[in-house]
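My structure is below; once you've seen it, I'll send some questions.
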Amino acid sequence: MNSICVIKKLLITLFLNFFLLCNDLFAANLAEIDKLSKYAKSIVLMDFDTKRILYSKKPNLVFPPASLTKIVTIYTALIEAEKRNIKLKSIVPISDSASYYNAPPNSSLMFLEKGQIVNFEEILKGLSVSSGNDASIAIAEFVVGNLNSFVNLMNINVLNLGLFNMHFVEPSGYSSENKITALDMAFFIKSYVEKFKFMLNVHSLKYFVYPKSKNLGTTLSSKFLNLKQKNANLLIHNYPYSDGIKTGYIKESGLNLVATAKKGEIRLIAVVLGVEKGINGFGENMRASIAKNLFEYGFNEYSKFPLIVKLREKVYNGTADTVALFSKEPFYYILTKDEFDKINISYTVDKLVAPLSGDMPVGRAMIFLENEKLGDVALFSEKVNKLGFWQGLYKSFINFFSREY
């Protein structure tokens, strides 16, 4: 390739990178998403609350997660920490096998070293921001004693969540034998954030500095002192609604990203797998751009609608002829405006005989989007008193003479 072609290719790449970073200039829509989706092998956009899939491309493709594995590592470590009374400030011993110099080639590193004084919270940051393969070994050894037992727990945990397409052979993501699907990873992130929401504060850190002088004590030194590592999730740096979660890369997988974003009452999860690396940061910008456009599409096209059920039904032997029935809490669902207009509700109601206390459900309402059932809610009644003897007699008398012959 001659120098003119090289320069031309470089200029095209730089232009594309600039375009991707500045893509707020156009509104995200399905056409734009479809254009960008060709750069990824698998994609899922999911609403956090309802688990509704808003967009997908090959969501069940089995794929190496790379360092997305570390989210499951963190989840497993935190579950074990709860059982074993491990605190954020608990000191984590660093073994030779967890030291940076024993990590496999081309590893991302926290730069842990035997003898350093490092606590559990710092290890979590090293996993989340620096994506340290050394940190994954250290945390596994610390919480259960050995790597194999820890990996077994990782697999047990995802199976307990009903995620049968996720499987791990080691905790860092270095191996291409680790497996996930974009769909299962989206479901996992929902469970992870619900259980350990405080970790969003860690995943949203833009930088992490390690080691510091306090980590070395009085006897150690380090050529990496005060090393400042940047969070590889570009959305943290340039998309205001993003609050995590994690990137990953190995040659066998390409560039991966799982991210969350919250705008108003809506939280979305985006999973982007298998973006080619390219040159000059093209792949890193592309995976972020795909996720950003997915989020913008979700926020622009969908709203969280409260579906409130109200109706009236006949009541027997009561001081009123009819009674209002209602759901005590709104049923929320994420819908487009067009979809909201297609919502229909059917219901089943018990025979209503006074007295009615209003405390017990008297029926159920089923909510449908066309023929798809979205969910159901319990129906409650207003309080209705039973007719007294003379009231009942008078009402029967009136009804008898009101009949048409």
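Indices start at 1 and increase along the chain as displayed.
Cβ coordinates are placed from backbone N, Cα and C, and glycine is handled just like the others.
Feature list, courtesy of TrEMBL:
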- SER67: active site, proton acceptor (ACT_SITE)
- LYS70: active site, proton acceptor (ACT_SITE)
- SER131: active site (ACT_SITE)
- LYS246: substrate binding site (BINDING)
- 302-386: domain 'Peptidase S11 D-Ala-D-Ala carboxypeptidase A C-terminal' (DOMAIN)
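Situate these features within the shown structure.
Counting every protein chain shown, the number of other Cβ atoms lying within 10 Å of the Cβ of SER67 (active site, proton acceptor) is 26.
Listed in sequence order, the residues of the same chain lying 6 or more apart from LYS70 (active site, proton acceptor) and placing their CB within less than 8 Å of its CB are LEU127, SER128, SER131, SER136, PRO171, SER172, GLY173, LYS246, GLY248.
The domain 'Peptidase S11 D-Ala-D-Ala carboxypeptidase A C-terminal' (302-386): residue composition by secondary structure is 4 helix, 50 strand, 31 coil, according to DSSP.
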Please report the number of other Cβ atoms within 10 Å of the Cβ of SER131 (active site).
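Neighbour count, Cβ to Cβ under the 10 Å cut-off: 28.
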Indicate whether LYS70 (active site, proton acceptor) is helix, strand or coil by DSSP.
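In three-state terms, LYS70 (active site, proton acceptor) counts as helix.
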